[in-house]
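Swiss-Prot annotations:
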type: TRANSMEM; residues: 25-45; note: transmembrane segment
type: TRANSMEM; residues: 49-69; note: transmembrane segment
type: TRANSMEM; residues: 98-118; note: transmembrane segment
type: TRANSMEM; residues: 121-141; note: transmembrane segment
type: TRANSMEM; residues: 145-165; note: transmembrane segment
type: TRANSMEM; residues: 176-196; note: transmembrane segment
type: TRANSMEM; residues: 222-242; note: transmembrane segment
type: TRANSMEM; residues: 245-265; note: transmembrane segment
type: TRANSMEM; residues: 277-297; note: transmembrane segment
């Protein structure tokens with residue numbers, strides 16, 4: 001009896017771990033930081049804790065839903081990649097229908113929380129990001145186009161905008177800058193992953209830039225996107241949304257990141273190692289900027305580009 005109980009307990013723990021795995025906790029955590037950064041930037045010190053918690057929890061559930069359904073969609077290509085071949089949607093440890101229903105359920109819950117506690121604009125951005133990621137990127141672009149990364153970068157840039165618009169209820173220049181910043185950041189971040197995971201992507205025939213058009217072009221794009229990201233990031237302090245601390249942090253991190261990227265042109269460069277360094281510092285950069293914008297906010301009055309009434 002005790003042995004059977006222990007076995008059942010072990011099975012339940014494994015099943016729970018599998019459900020957590022399909023939500024991609026690392027992605028959720030990264031998005032939590034950016035949502036909080038956008039929210040606190042807009043709040044300017046006047047923080048509604050209930051609204052902030054609802055924004056964080058609601059969007060986390062929406063992101064988790066998108067990741068779970070992405071696992072269902074990608075199960076065939078995941079089986080061909082060393083990094084993903086042991087996912088529960090590939091091994092069958094959890095039935096595909098269960099993962100799909102789980103993804104739908106937490107998505108409905110997440111959107112429900114956003115609808116109840118935030119506003120129409122924040123909800124709209126969350127919905128657009130979800131549709132782009134699940135419907136456009138996962139179902140078609142990832143498998144069929146070298147521009148899949150570009151399309152996916154939009155959905156990756158939505159979380160801080162949702163956090164920002166949860167507070168303001170309007171689309172102003174601050175929201176536009178955040179959308180551009182985080183979209184641009186996604187590109188070198190994703191291309192770096194594609195380089196050090198080159199064999200996986202090639203095996204699954206996913207047309208990411210390094211596989212479809214070569215390493216040299218991918219390196220050019222990484223350097224270009226980092227340079228443009230650096231310029232766009234300075235727009236937050238230049239437009240008066242953040243102060244000198246944010247300007248100092250964005251200049252320092254962007255310059256270091258760009259210098260690191262330029263090392264990829266060395267003849268003796270170890271490409272996978274270099275790409276991992278670029279990837280690792282991309283996370284440091286965006287985390288530092290998210291934290292700094294949350295703390296170094298400035299009072300600025302902006303005319304909304306548009307507003308949605310609840």
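Count begins at 1; order follows the chain as displayed.
Backbone N, Cα and C define each Cβ position, glycine as well.
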Fill in: the transmembrane segment (25-45) and the transmembrane segment (245-265) contact flag, 3+ Cβ pairs under 8 angstroms
no
Worksheet entry | Chain residues outside the transmembrane segment (277-297) and at least six past its termini with a C-beta under 8 angstroms from it | 30, 33-34, 36-41, 43-45, 160, 181-182, 185, 188-189, 192-193, 196, 222, 233, 236, 241-246, 249-250, 253-254, 256-257, 260-261, 264
Response to the item:
Note: vs the transmembrane segment (49-69), the recorded stretch with the largest number of Cβ pairs under 8 Å from 98-118, 121-141, 145-165, 222-242 is 98-118
